[in-house]
Each structure stands twice: as structure tokens, then as C-alpha cells.
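Reading through the C-alpha cells given below for one structure.
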Amino acid sequence: MEKEELKIVNKDEEDEMELQGYRVCRWRVAVVSLGVLCTGGFLLLLLYWMPEWCVKATCTRTTVREAEVVLLQSTPPICSSLGKAQIKKVSALVIFANILISFSLQIRYFTLHSTKYYWNDEVHNFEVLTGLEDREVTCSTVHSEHSTGLTSNQQEYRRLFFGVNEIAVKVPSVFKLLIKEVLNPFYIFQLFSVILWSADEYYYYAAAIVFMSVISIATSLYTIKKQYVTLHDMVSAHSIVRVSVCRANIEEALSTDLVPGDVMVIPSNGTIMPCDAVLISGTCIVNESMLTGESVPVTKTNLPNPGEGDKEGDAAYSMEEHKRHTLFCGTHVIQTRFYSGELVKAVVVRTGFSTAKGQLVRSILYPKPTDFKLYRDAYLFLLCLVAIAGIGFVYSIVLSIMNNVPAKTIIIESLDIITITVPPALPAAMTAGIVYAQRRLKRIGIFCISPQRINICGQLNLVCFDKTGTLTEDGLDLWGVQRVEKGTFHLSEENAYKDTLVKSQFVACMATCHSLTNIDGKLSGDPLDLKMFEATGWILEEATEEETSLHNRIMPTVVRPPKQLMPPEPVMSPEQDMELYDLSAYEIGIVRQFPFSSALQRMCVVARLLGEKRMDAYLKGAPEVVASLCKKDTVPEDFAEVLEDYTKQGFRVIALAHRRLESKLTWHKVQNVNRDQMEANMEFLGLIIMQNKLKAETSGVLQDLRRAHIRTVMVTGDNMLTAISVARDCGMIPPQDQVIIADALPPKDGQAAKITWRYADNPSKHVGKAPRLEDQYHFAMSGKSFAVITEHFQDLLQKLVLHGTVFARMAPDQKTELIEALQSVDYFVGMCGDGANDCGALKRAHGGISLSELEASVASPFTSRTPNISCVPSLIREGRAALITSFCVFKFMALYSIIQYISVTLLYSILSNLGDFQFLFIDIAIILLVVFTMSLNPAWKELVSRRPPSGLISGPLLFSVLTQILICLGFQTIAFLWVRHQAWYHIWTPQSDACNSSLRANLGPEHNSSEERDDHNIKNYENTSLFYVSSFQYLIVAIVFSKGKPFRQPSYKNWPFVVSCIGLYIFMFFIMFYPVSAIDEFLEIVCVPFEWRITLFFIIIVNAAVSVLVEGGIDLWGAKCLSWLCCRRRKVPKARYMHLAQELSVDPDWPPKPTTTTEAKHPLPGNPPENGSSYQIMADS
């Protein structure tokens, strides 16, 4: 039915949402308004907390096209049960334009999370307008149609849609924040409780809770306001600058006026980019550390212009694919280079919150809800407490009616039961452990921007590591070079710093094929480029600003060898088309750069030797890629064997290639030529062998993780065999384990996609023989194979990631896909990287930790100042400690509520209750002191193989809580009933004297003075007995639940907790055995005979012993007993990866044998594949 339509916005993205359309219904609004009046405003509060109910109560469903109000809800895959509904009013934007005829245009839109969603009639849905990319412009179109800028009319029209180019972080007023904080259900419940306690004349207790709530609200407001101000200051520091814009001519404008399509001039002295823009002329050196955490300056070149004739090479512009030509908002342009008076220009692509910086700020302002079992279970647990309160509520009403209690007292006392059962300090207590863990992490140099993730880190059972800069040293050392001449390898040489090689193409390639630049007189750029260039001993010179602007064809960057390397006379090669030139001027100018692309795995430059008519193209990159772009006769026949030999030893290998360009290619033509045309028919020059040493801490940390049964996986952009070698060196793959490489090929020439399995080490050793079950095996694959398997072998992917250890040549987006694949089989995944190409993966993982010292990828929840992986075990240990602390605190708070509930329920049976100051003493002196000190236990010093439970609803945990409830109930009931059977017992009156006369001599007057005000029957023997027993029970369960080893340090090392408990024990025993009239009067307790105090002492001691023994027994045998009781010996594992491992252990075809090929099937319609499998394994012929 059309009216019941459901739309999806941001499909397949992180913030995917379901959208429903509604129209306001007047009669429903009237009925709801009446309900609000009748309930004294409570209905309004309920609708404020439940936006979905509010919409359904006041509106009727309609088509999304005609909606006045839209209801948005996060889809289950993103944040499941925590998806909060959002209501947004749909506005109409009326645009008047006067082009040839006057017309008005109505645009429907709504704003959510600083993003505008516009109605698109073509797709019948709301869409986000991001910028120039929406028009799917090609690279040539950017040059031909967008390089001249916009007219004033176009600019104003676009601003109506895209708004002001500003990332505005509005700091809410204190009043607005206060209202939002006070309307929290927790504080509303507090308000209700305070009113109730005041009505029941518990004025002191109510005043104390109000005082605590005010402090809590003030602290919360201060923290939130400070965060907003900090973010606002950080964002607005460089958000508004003056820029030069090309309109009719170049004019000055504020950056807030920029819209997509504007052409801005990048100043020569650099700037902070106010928007995302693509370079169309000139070159920029940019520091992108704000976005990537990578401190190395990046060279940005102008977008290639394929021209009208080249349709194939004219791809649609994409920020991701063309990021080497795109200047991102918030990044710092250090230098620009321009020629012949031509300015460095860039076309604005995105503005405001659509920019890279804007999306980063949005992710901070509107974080993705954390869906963790602990938090869902906490709500269920609270519901159980409410259900228990409901039983007490009914019980107190029935009891009061039977005893003819006045109606007012019945209402107050029955509602009082509910306020007792739901602990008011629970939210603060639950966050205490996380706050303390965050402080401890900060002390060891780990900073956290998402504290809720600390608990989740306690569940990590798999950690992915980047290789270079994470497992291995950041820098590379040149181990040697191996040149190729006439299709044959020379012997390897230590370096290329030789006079005999100074004029060789090999050295020319090393000297020119890089993106190095001089910044403040210092050579700066990629560490690999630096090492390679330094090995040549050459000198790099860059033209000054004046030179580049004055000369028509000046070379922007020139490299030349040092004079001492030059031979005494020039050696002329007859086949080279050269002119005679002065030897002292032997220089090579870099005409154009095609920067390194992690997706293409190569970089290229066009250079010209001074005096030459023709130019040269030099290529550097991954050996497999470079060899595929070279003429076959120039690549040595033993290329694969030589490469494998180096990579097996763990070397990083770079290949070089060269090509002499045609003389028709002039300087101007080279500036617009397509990269693919340049990187073809190259001549293979040889290999550069770099050594990448392991960091000293790597092996030890990986060994600790393996002992703790935490899987480790390597995700790198490096060569496969190099990665496998490093994995073996660092202990990620033990020496006896076998590595199976999965080589996947996409469908070709009508053949299905297939995977060939081979062994990494020595395939001849294992021909036709699969590893035995007792053998450990690991899968390794490249990014290309991963892409094919993801697309064509979806059901095989989960089996592969179960034993996949090395993923090489992975592009940044593939790293994110791998994290998602691992999460799909229920792994809790951590990711550790240096922040450069790992941003997406760091953000997607359950616990992402960046090793960058900079502001790094703000995307990463954790950032470590220690530049090695030793931070990973520390984070997991602190996560486990915080998680166990959360369990301990929750169990303690639940028991505190139940103990108090039992006391009150028992006292209700004799129409009594706990006194005002008794409540105050229990809640403030005992509970708050204990709960905030029991959270201080530091993490255990080493990782253990056991993991803490992930949720509160687990057998042993519930069994522990229930047994302690029964113990407390039993001992309180014993004390309550036993006191009534004492020989000295009678109904207490102010004249009662059950104590020794000498002790009671001075208590008479005070009791007489309280006779008229003790209407609540607080003072009696039952109350005093229960007060003593319950006060000790709070301390007993605190000690019993405060667990230490194996996740936290023992409680005796937590001195604030020990001091608090000892202090409270001393005080309680003191007032029990040595009554002080002032304290007795204050706490409204009565004097009981010394014999009864001794009896109470034994009740307390036995209670403590039983509690400790039962909890210890549950820790040792609880899980086994429960599984025996429930007859669940053959338990099906909950986690999908464990279930898969069970299945594969009995699969005779797994793992695949090294001589087999797996082919994708193409099942016929109506004829599903056998056993649901989409592939078949066949032996190679």
C-alpha cells in the first residue's frame, strides 16, 4: 500500500536509516493534549523520551512525498536495539529565479545531524547533496566546464542548497543543557523520589539526595559545556579565512561564501584549506596530519585532463580515487608551485559538514551508538528490579489495607518500595570503573575519545596489525640493489653510490622517482623515498617562487649528482639523441609527477636530462605491478625466483622501470597526458632491496597475546612473501605451522572465478597432502584475491578468515572490509595501525588504537604515545579490569537494593520502616564510599587465556546474585524472627529498658522527648536488629563481589577500599558493642541486651562465612554445576567462529590440498547448489 511505504536513506552506509512519512492529525493532538493535562505533564515527558510514540500518537501515516514529519530509525545492522528514533519536520524551500521567465520552485527538505536531506522526485526519496560529485563530473569536464568559476547568480543559487561553508559547532546555552539534563529519566525518577520522601517526612535524606543530584548535574553540565567549547575552538580556529575566488575576475571573498563549483586560488605562501577542492593547475605540498595522522608532507598534483578524444581514460571524478589531486578541508598547504604566471587553482568540491573535516567533526558530535551486550543486559536487569518492586508494591498495599492504615500512608509507603528497589546512584556507579580505567590508560600514554569502548576492549579476542611502522620499524634501510641489463640480473650490489653508475638509468630513476621536497631547507617526504634518494648521494634543488613565475618552462625540481661522482670526461652513447653540453651542468629536471597510489601500488615521474630533446618516464613500485607494465623481453626469466628469495627473507623489494618518451610529447602535452598511457611498455631496470627491522617489543607482545588465546592477524600493503616472512620472524606464525596461499582469479573469457591453493614455504614438500587436523595452518592472500573471494566466494570467506593470518597488498578500504568480515563471525576485533592508511579500519574495529603521536586519525577511539604495540595488551588488560569492575558494581548495587528492600518489607509487616538517618547512613556512608572505592582495583599484571563474560545475563553471574540474595534474605529473616522470640522481648516503648540499667541510665530523657514524633514506629528491636545485620551485609557483599585475579589486582592492594571497609567495620562494631547515646539517637536505634548483640555478632560472622564460601564455590564449580543441572554437556557454541571451527574439524575437504583449485559455481535458476555451497573443489590435472 502506498501510504505504508518505508524508505531507506544513506543506503549501505554507516548511518543507514529507515524513513517513514507522517502528517499531523489535529484531533490526535487534541486528545494527547488532554492526556498531558490529566497526567500533570507526565505523558508529555513520556512522549519526549519515546519520540516514536509521540509521532504515532499525534500523526497519521502518509507517503514520504507528502510528509510533514518524518520518523527516522537506525537500521538493525548498524546499532540494533539501540537505534533511537529521530523526528524531523519537513520544511519547504521556495526558490525564486529570473532567468528567461519568472518561476518559483518548492524544494522539500529536512535537517539531521547538520546534514540536509532533499527530496528527489526522480528516485522518490530524500537524498544528501554532498557537492560537485553529485553531478558525476568527469576529469575532463572539471577542466573544461568548471575551471572558469561561477557567476554571482549561480553562486547565490547554489548557496541556497549547500548553505554557508562553515563547520559550525554551536555551543548550547547552559539553560538548554540544564533542561536536557534534568529531563533525563534518571533525574525525573530522583525528583519523584524526593517528593515522596518529603511527603513521608524523610527531609534530611531527601535534602542529601537533592544536594548530590545538584552536584552531579553541575559536574555533567561543566563537562559537556567544556567539550563543546573545546571542539568549537578547535574547529573555528581556521574555519573563516579570506580567499581569492575566480568569478568574472579574481576577487577577494570570505571562505564562508564558497560553494561547490567555485574556483579558488591557492596562495603561494600556503593556507589552511577551508573546503575540499580539486587542483586543476599547479602543485601543492600539504600536511594532512589532521586527517590521517601521517606527519610526512604529501605532494598534490593537478587533476589529469584526458581531453575530449580520450573517452576511455576519462573517468568520473571521485574524491577517494583522486585523493592525490584533492586538497582536503582542514589540511595545511605548506607550499605551492606554479609556472609562467599561471596561478595554482582548485575547484571547490565540497563545503561545510560534507567535507572530510566536517564528517570528522560530525562523527565526534553525533557518535555511533555503542551496542554492547553489557548495556542491553543492564536494562533487562533494571526491569527485573522493577518487577521485584512491583511485588513489594502489591504486598505493602495488601498489608496496609489489612491493618487499616490510612489511604495517604498506603500510597506513600507502597510507592516508597519502588524508590528503594531502583538504586539512585546506579548510573554514576556504573561509569566509575570506566573513568578510573581511562585515567590509568592516560598515565601509560593511551588517550581515549570514546570511554564506553574501554569495556568492549575487555572482550577482544582478535587483533589486526598493520606491518610497516607498527610491527616493524618505521624507517627502511637500503640493503642493496640488483640491476638488470638486457633482460638479465647483475649480481647484487651494496649501493648505487658509484661513479660508474652515475649516468645510468637505474640511478636516474632512484634520483627522480620520488615526491621529496625542500621545506625550510630540509629534505622532507616519504621515509622510503628519503632512504632511496640519500643512497644515490645526489642533490635536490627546487626553483624559487620568483623563478617559477618568471620562466615559461622552468623545471620545478632539479636533481644532480655531486661533483666527486662525475667522470672526468663525458661518455657519449651513439644511440642516445643528445647534444653536447657542459659536464658541470649534468642535471635532470622532474617535469611531472604521478604520485604514489596505494590502490595502484606505484608512482611515476616524467623527467628530462638537461640538453635532451626527449623526455624519460621513470616508474617505481611493487615488483609484480612494475613487471606487468614492462616489455616481457626486459624482465629476467628468473624474476619470480629472485623476488621470492628476497621476500622470503623478509626484505621489502621495490622495482624500477624506465621508458624513453616520443619527441612529440612537449612540456604542455605531458601536463595533460593520461597516467595509463605513460606507464606502458616500460623497460625493467632492476630491484631495490630495503630492510625493514622488527621493533624490539613486537615478538614479546605477540607471544603474550598468543598465550592469552588472542588471535593475531597481519594486514599490510606490502608484498605477500615479505609479510609471511615477517609473520614468521615475529612469531605470529610459529615455525612448525604451514601457510597456504589462496590465489584467486576473477571470471575471464567465460570461465568462472577460481582459487588456486599453494604452499608458501616449499610446495614440493607437501604435494597432494593437506595438513593433518593436529597441524596448525594459516591462510595468506593478497588484496586482489581478497576482492575476488569477497565477490564470488562469499560463503568461503568466513571459513578463510577463521584461519587467515596474512593479508598482503591490502588497500585501505579492503582493510575495513576485512574487519567487517571478522566481525560477521562474532570476533571482537581490535586494530592497531600507524594511522596513515588505517583510518577506516581503526574506526570500524571494536577497539582501534593508533600509534600516531599527532592528533592522528581522530577516527581512532584510542591513540598511544608509545610508538610500538606494547599498548595493545595494556589496553586489553584495562578493558578487562573495567568490564569486571562494571559487573562487580552492578552486582553490588543490585544486592544493595534487594538488601534494603528485604529490610523494609520485613519492617512493613509490623508497620515500621527504616529511619531517615538510617537511610542516609546506609546510602552515603556505606554505599557511596564502598562503590567508588571498590572500582579502584588496577588491572592484573598479565593477560590470561580466560575472557570475562560479555553480559550480565550469564548463568554463573545470575547464580551468584541469586544465592547472595537468598543468603541475605535468610539471615535477615532469622534476625527478625529470632529477636521476637527472646525472653526479654516486648513491644518497644520509650520507657523500655531491655539493656543493663547502668548502660541505659542516661537514655531515658532523650527517648521521652522523641515519644511524640515517632509516628512511623522507627524505634523498635526489629528495626535495630535488621539495621545492624543489613549494614554488615552491604560490606560483606562488597568484599565478596570485589573480585581480583585473574582480571584485576586483589582487593587488598586497593588501599582506599580496604581503609573504607575496615573503618566502617570498626564503626559498626563500636556502635553495636558500645552504645553512644548521641549516635543511637541520631540513627534512631534502641539499646538491646549484650547477649543479643553477641548473637547478632555470630549471625553476621556466619552470614559472612556462608557468603564467601558460596561465592568461592560458584567461581570454582558454578559453570560446571549449571551445565550439569541444565543437561547441556553438548553445548552448541554461541559465537559463529567457534561453530564454524567445529564444522570444519569434521570436513574431509578442509583445508584445501595444495594441488587443488576451487571454482565458483553458477547455479541454474530453481536449481540451488548442492549443500548450499557456491563453489566446488577439484584436483589440478
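Even glycines carry a Cβ here, placed using N, Cα and C.
Features as listed in TrEMBL:
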type	residues	note
TRANSMEM	27-50	transmembrane segment
TRANSMEM	90-110	transmembrane segment
DOMAIN	125-202	domain 'Cation-transporting P-type ATPase N-terminal'
TRANSMEM	203-224	transmembrane segment
TRANSMEM	378-397	transmembrane segment
TRANSMEM	417-437	transmembrane segment
TRANSMEM	883-911	transmembrane segment
TRANSMEM	917-936	transmembrane segment
TRANSMEM	957-979	transmembrane segment
TRANSMEM	1025-1042	transmembrane segment
TRANSMEM	1054-1074	transmembrane segment
TRANSMEM	1094-1114	transmembrane segment
REGION	1148-1181	region 'Disordered'
COMPBIAS	1170-1181	compositional bias 'Polar residues'
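Contact between the transmembrane segment (883-911) and the transmembrane segment (203-224) is absent: fewer than three CB pairs lie under 8 Å, with pairs separated by 6 or more positions in sequence. Between the transmembrane segment (203-224) and the stretches 27-50, 378-397, 917-936, 1025-1042, the greatest number of Cβ pairs separated by less than 8 Å involves 917-936. With a threshold of 8 Å between CB atoms, the same-chain residues lying at least 6 positions outside the transmembrane segment (27-50) that come near it are 57-60, 85, 183, 185, 188. In the domain 'Cation-transporting P-type ATPase N-terminal' (125-202), the DSSP tally of helix, strand and coil residues is 46 helix, 6 strand, 26 coil. Within the same chain, residues 956, 959-960, 963-964, 967-968, 971, 974-975, 978, 1025, 1028-1029, 1032-1033, 1036-1037, 1039-1041, 1069, 1072-1073, 1088 sit at least 6 positions outside the transmembrane segment (1094-1114) and bring their C-beta atoms closer than 8 Å to a C-beta of that stretch. Averaged over the domain 'Cation-transporting P-type ATPase N-terminal' (125-202), the predicted model reaches a pLDDT of 82.
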